[in-house]
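Novice: What follows is a single structure, and I will ask about it in a moment.
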Amino acid sequence: MAFVLSLLMALVLVSYGPGRSLGCYLSEDHMLGARENLRLLARMNRLSPHPCLQDRKDFGLPQEMVEGNQLQKDQAISVLHEMLQQCFNLFYTEHSSAAWNTTLLEQLCTGLQQQLEDLDACLGPVMGEKDSDMGRMGPILTVKKYFQGIHVYLKEKEYSDCAWEIIRVEMMRALSSSTTLQKRLRKMGGDLNSL
C-alpha cells in the first residue's frame, strides 16, 4: 500500500513539471500572456489621440510602488492580483462592450482572466497569513483608489469615446508596470514562494 501511495505521489509531482508547480510559479506562458494583453490593448486603438488630449488626466498610477522594490512578497502578489482584477472589472462591463471591438475585448478579458487564475495559486497561501493582512491592505487600497478614480472619470465623461481612449492608454501604462513587477518576481527564482 505504501508503495502504491509513493508511486501515485511521484506521478503527481512529475505531471506538474517545472511549468506547473504545486506552489506559486509564474511560467513563461504567464509572461507571454501579459505581453499579449499589452498588444491587444494597443490594437484596440480606435481614435487618433490628438482630439482627446484635452481629456487627459493624471490618475495617480502608483508606479513607484509597483515598479520599485518597496513591496514584500505577500504585498507584491496581492497588488499584482488586485491590479489585474480591477483591469478585468473595468473592461468586463456593458459600457466597455459598447466602446470596443468585441473580439479584441473578449481576447483581452480572457487573457486577464488567465493571468488571474495563474496568480490564484500564489494568492491562496499569502491570504492565509493573518499577521501580514495590515501590511497588504495599504498597497491594495492604493490600487483600489487608483481604479476608483478611473471609474469616476469615465462616469463624468459619460463613457465617451475619448474617455475610453484615455483609459486604454492609462491601462497600457498600468499593465506595463504590472508586467515589470511580474518580471521582478519571476527573476527572484521564478517560484514566488521562495521570495
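Every residue gets a Cβ built from N, Cα and C, even glycine.
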Novice: Pick out which of C24, C52 Swiss-Prot lists as the disulfide partner of C162.
Specialist: C52
Novice: Find the one among the recorded positions C52, N101, C162 whose C-alpha lies closest to that of C122 (disulfide bond).
Specialist: N101
Novice: How many other Cβ atoms are found within 10 Å of the Cβ atom of N101 (N-linked glycosylation site), counting all protein chains shown?
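Specialist: Total other Cβ atoms inside 10 Å, all chains included: 13.
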Novice: Tell me the coarse DSSP state (helix, strand, coil) of C52 (disulfide bond).
Specialist: helix
